[in-house]
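Asker: Supplied in structure tokens, the structure appears directly below.
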Amino acid sequence: MDSIGKQTADREMLDSLSRALGVSGFEQEVGSWYIENIAASVDKSFSDTMGNAYGVISGTGNGKNIMLEAHADEVGFQILHIGENGQLYLRRNGGVDEQCIPGSQVIVKTRKGEYIPGIIGKKPIHLMSTDDRKRTIELNQLWIDTGLDVDEVRSRISVGDIVAVRANWMWLGENRISGKSLDNKIGVYVLTKVMQALSKRKPLCNTVTGVATAQEEVGSRGVVVAGYRTHPDIAVTIDVDFSTDVPDCSPSRYGKISLGQGVVIPINVDSDFGLCLQLEHMAQECGIPYQMSARPHATGGTNTSRLQLVREGVRTIALGIPCRYMHTPVEMCDMRDVEASIRLIVEMVLSVE
């Protein structure tokens with residue numbers, strides 16, 4: 001496939017992934033997408049009761065057991081209450097930034113499997129007092145309006161149904177993509193491409209298990225089950241990381257991470273220091289663009305903080321894809337960083353002895 005054909009295929013792949021709903025606790029569509037796209041590349045695939053989706057490339061000999069994981073869930077909502085006029089009130093699943101969602105188009109997925117469109121409404125600014133305008137908006141001041149009358153709403157939608165921002169990915173320039181749930185569908189995309197690339201290098205010495213994990217945004221729950229089941233020697237988490245190349249994100253406070261400058265290799269207590277140094281050296285040797293980060297916090301923020309505690313302990317590292325505007329409907333990533341992530345992970349797996 002030539003470069004133009006490959007670019008088209010990758011965009012179609014990303015487009016189909018963007019439409020898969022994956023609100024935390026309800027990741028089945030993303031898990032199914034992942035298994036479908038790695039089916040020809042792995043020796044076996046399956047899902048578990050938590051909603052984790054697995055693909056395994058079996059190694060030969062006495063190689064290592066390597067786990068690669070990217071969380072499949074996105075921040076979203078569930079229906080908390082149906083109002084007297086059919087408005088739908090929400091409870092968040094994960095850390096949604098409610099300041100950014102008024103006016104968003106959303107999809108309600110019902111327990112009957114229907115997809116019902118709606119919009120997030122709020123009190124018009126004309127009717128707000130001066131004090132109201134100064135206050136930070138709260139989630140209970142927002143609602144979903146489906147345009148349906150109350151009887152139809154009550155017959156089709158139930159408390160507990162899930163809500164996600166409507167797929168809205170768009171390309172900005174040649175390399176940048178923006179939209180909802182790039183955290184962490186772009187990580188699932190990287191995981192998928194890595195598994196596809198590794199299958200072309202068979203036979204592998206090491207066994208590689210790639211897992212699209214559930215419920216990261218609500219406490220890194222699925223990865224604990226996946227880690228216990230996989231029992232890896234080494235585990236790599238693939239997730240987005242904060243890009244600080246925007247106003248009001250001082251490098252002196254958050255470190256300097258920029259879009260388009262490469263994969264992020266974090267050095268904090270969640271990542272094995274030896275693995276950090278190995279990956280830094282590997283990136284230098286292979287000419288893969290990378291950025292080092294101590295991260296704003298010593299621990300937490302990705303699945304590694306819980307994965308490294310599974311069983312007798314796991315050597316972990318979290319590789320980051322720089323992302324602007326995290327947990328809003330307009331997250332932004334750069335495909336050059338995505339490609340750097342894919343290359344570095346493939347090289348790492350092939351080099352582990």
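From the backbone N, Cα and C atoms, a Cβ is placed for every residue, glycine too.
The annotation active site, proton acceptor is assigned in TrEMBL to GLU216. The Zn(2+) 1 binding site annotation in TrEMBL covers HIS71, ASP183, ASP239. The Zn(2+) 2 binding site feature in TrEMBL is assigned to ASP183, GLU217, HIS327.
Let's see these features in context: how buried, what's close, how far.
Answerer: Within the same chain, residues at least 6 positions away in sequence whose Cβ sits under 8 Å from that of GLU216 (active site, proton acceptor) are SER24, HIS71, ASP73, ASN184, GLY222, VAL223, ASP239, THR302, ASN303. Secondary structure from DSSP puts GLU216 (active site, proton acceptor) in coil.
According to its DSSP assignment, ASP239 (Zn(2+) 1 binding site) is in a strand.
Of all Cβ atoms in the protein chains displayed, 24 besides its own lie within 10 Å of the Cβ of GLU217 (Zn(2+) 2 binding site).
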Asker: Setting HIS71, ASP183, ASP239 aside, what same-chain residues sit with their Cβ within 8 Å of the center of the Cβ atoms that define the Zn(2+) 1 site, listed in sequence order?
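Answerer: After dropping the recorded site residues, what remains is ALA70, ASN184, GLY187, GLU216, GLU217, ILE238, VAL240, THR302, ASN303.
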Asker: Per DSSP, to which secondary structure element type does HIS71 (Zn(2+) 1 binding site) belong, with helix, strand and coil as the options?
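Answerer: The three-state answer is strand.
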Asker: Report, in whole Å, the straight Cα-to-Cα distance of ASP183 (Zn(2+) 1 binding site) from HIS327 (Zn(2+) 2 binding site).
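Answerer: Spelling it out, the Cα of HIS327 (Zn(2+) 2 binding site) and the Cα of ASP183 (Zn(2+) 1 binding site) are 7 Å apart.
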Asker: Per residue, counting other C-beta atoms within 10 angstroms of the C-beta, which of the binding-site residues HIS71, HIS327 reaches the highest number?
Answerer: HIS71
